[in-house]
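Here is the structure we will look at.
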Ligand SMILES: Nc1ncnc2c1ncn2[C@@H]1O[C@H](COP(=O)(O)OP(=O)(O)O)[C@@H](O)[C@H]1O
Ligand SMILES: [Mg+2]
């Protein structure tokens with residue numbers, strides 16, 4: 001266990017160096033989320049009415065946070081595909097270390113980046129009028145949900161990177177696969193207008209669950225009207241859906257890693 | 001035996017890539033696995049380095065079964081794959097320190113060992129530059145250094161010099177030699193007969209997933225024919241005398257080509273035979289238009305071992321000024 005932690009730390013150090021040396025990456029995790037907050041907060045804000053006449057900027061923040069967590073898929077996928085391509089995965093696999101170390105090193109450091117994004121976005125959110133109303137613990141619990149989603153997405157990204165392998169193709173494939181998740185959710189639009197079967201899918205979508213969970217924990221306006229379990233217990237649903245997804249994706253990634261071949 | 005493989009088989013879909021490969025490498029020796037592109041060299045190395053499970057057959061490396069005890073094997077091997085595995089965004093030193101830490105040398109231990117290896121592999125001047133600025137030869141050296149961090153007992157080198165210029169190739173050869181002198185067992189794959197000849201104690205020739213010949217470089221060259229001196233005369237009339245002269249330095253029967261003025265004699269390798277042949281021809285005033293050493297290439301090896309090649313004899317030619 002101690003050895004696993006050492007390995008993960010060594011690999012995380014490696015990824016942090018990448019971030020420092022590739023300024024685009026740092027921009028990706030800081031400036032880009034800020035731009036998203038501003039675009040959604042100001043550009044689209046005027047065109048939307050929030051159910052119950054809630055504060056629009058409070059309403060959208062949870063959605064923007066989850067979108068950024070979601071984009072970790074592409075980051076992790078690209079990182080893993082790069083390592084495969086340049087033979088580093090073969091080198092790592094020839095070392096006497098746990099097969100989880102490399103994937104954990106990747107997902108933990110990508111998670112750290114998404115956490116940094118969260119901090120930056122929260123600051124900008126506060127500036128434009130977003131507030132959490134239920135105290136520090138619940139506020140942090142909301143961010144906990146977001147990070148759980150982010151971590152799950154990092155593992156999903158690692159899996160995609162290992163399966164797709166080509167760094168050029170990985171981004172396209174990742175966004176194609178994830179687009180339906182992102183849009184079939186309650187991030188930015190209420191679900192009432194959708195056909196029932198789509199509503200059900202959208203409600204059980206981990207993204208929706210996390211969005212609703214955060215809105216509940218932060219006391220932000222919410223759009224849920226259904227009496228289904230996901231709508232009534234969004235935090236529980238978020239934990240459940242992310243947990244199940246993680247429990248499926250992590251072993252699959254580890255299996256794919258074990259069989260990975262660069263060429 | 002440091003490496004012992006029996007009946008290794010691997011198939012991808014419908015194609016059987018390895019059809020029962022047997023290898024054995026005694027401790028402290030070098031086995032050259034010689035074969036053309038697609039022969040199954042990399043697949044063999046990946047199985048022996050625990051990266052790929054065989055469909056059938058078994059293998060032990062450094063005393064441990066590659067399938068049953070992969071961790072024990074990994075503790076004792078170094079691998080330099082066909083493509084140099086370096087992190088382009090890290091410096092040479094950071095690359096080595098990272099791998100050293102993953103080998104559990106500890107932070108300080110890894111840093112110290114990285115410094116030593118950078119020195120030994122003549123990379124100290126570039127140690128703190130990002131490796132994306134490195135040349136192909138430097139990458140290869142760094143990759144080799146990384147494979148040696150934990151002082152492995154068995155070293156796998158998959159085409160270590162493919163794509164390198166002659167100077168880098170020779171540097172790498174001498175670095176591999178150093179390891180062998182220090183007692184490391186090496187399995188190296190190559191497409192160059194010359195490389196196998198230079199580094200290996202024994203050579204296994206592999207083609208289409210099978211070992212088709214196995215022996216010392218000398219045994220192999222005896223089968224294939226070693227270096228030959230080819231002399232073209234200005235005039236066919238002097239051929240008989242020139243042939244008699246050249247037979248003094250030859251190690252086998254000399255041949256006159258159909259044109260009557262091109263003579264080929266097998267000679268011992270090295271500059272001595274060339275110098276002597278040149279001297280006798282000059283002393284007798286034989287007029288020579290072309291004077292060249294020809295050494296058997298991989299194609300020649302395959303031609304003589306399998307009897308199949310493109311038909312035309314393709315040989316590497318080394319011009320020597322007459
Ligand atoms: N992952 C793979 N999937 C399908 N075919 C493969 C795979 N890896 C190697 N091969 C095929 O196996 C054969 C042997 O490959 P390889 O061991 O890389 O040969 P070499 O290293 O001697 O050039 C080639 O025909 C190659 O195309
Ligand atoms: Mg190969």
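Just so it is clear, glycine is given a Cβ too, placed from its N, Cα and C backbone atoms.
What TrEMBL says about a protein is an automatic prediction, not a curated fact.
Look at TrEMBL and you will find A:24-260 tagged as domain 'ABC transmembrane type-2'.
What TrEMBL records for A:26-47 (among others) is transmembrane segment.
Among the features that TrEMBL reports, transmembrane segment is placed at A:59-81 (among others). Under 8 Å from some Cβ of the transmembrane segment (A:59-81) lie the Cβ atoms of residues 15, 28, 33, 36-37, 40-41, 44-45, 48, 50, 89, 103, 106-107, 110-111, 113-114, 117-118, 121, 125, 130, 142, 146-147, 149-150, 153-158, 160-162, 164-167, 170-171, 173-175, 178, 181-182, 185-188, 207, 210-212, 214-215, 218, 220-221, 223, all in the same chain and six or more residues away from its ends.
Note on the transmembrane segment (A:102-128): residues 4, 7-8, 10-12, 14-16, 19, 25, 29-30, 33-34, 36-38, 41-42, 57, 61, 64-65, 68-69, 72, 75-76, 79-80, 83, 89, 92-93, 143, 146-147, 150-151, 154-155, 157-158, 250, 253-254, 257 of its chain, located 6 or more positions outside it, place their CB under 8 angstroms from a CB of the stretch. Under the heading transmembrane segment, TrEMBL lists A:102-128 (among others).
The transmembrane segment annotation in TrEMBL covers A:140-162 (among others). Only residues 6 or more beyond the boundaries of the transmembrane segment (A:140-162), in the same chain, are considered here, and those with a CB under 8 A from a CB of the stretch are 62, 65-66, 69-70, 72-81, 84, 103, 106-107, 110-111, 114-115, 118, 122, 132, 170, 173-174, 177, 206-207, 210, 213-214, 217-218, 235, 238-239, 242-243, 245-246, 249-250, 252-253, 256-257, 260.
Look at TrEMBL and you will find A:169-189 (among others) tagged as transmembrane segment.
Look at TrEMBL and you will find A:235-253 (among others) tagged as transmembrane segment. Beyond the transmembrane segment (A:235-253), the same-chain residues lying 6 or more positions past its ends with a Cβ under 8 Å from any Cβ of the stretch are 103, 141, 145, 148-149, 151-152, 155-156, 158-159, 162, 204-206, 209-210, 212-213, 216-217, 229.
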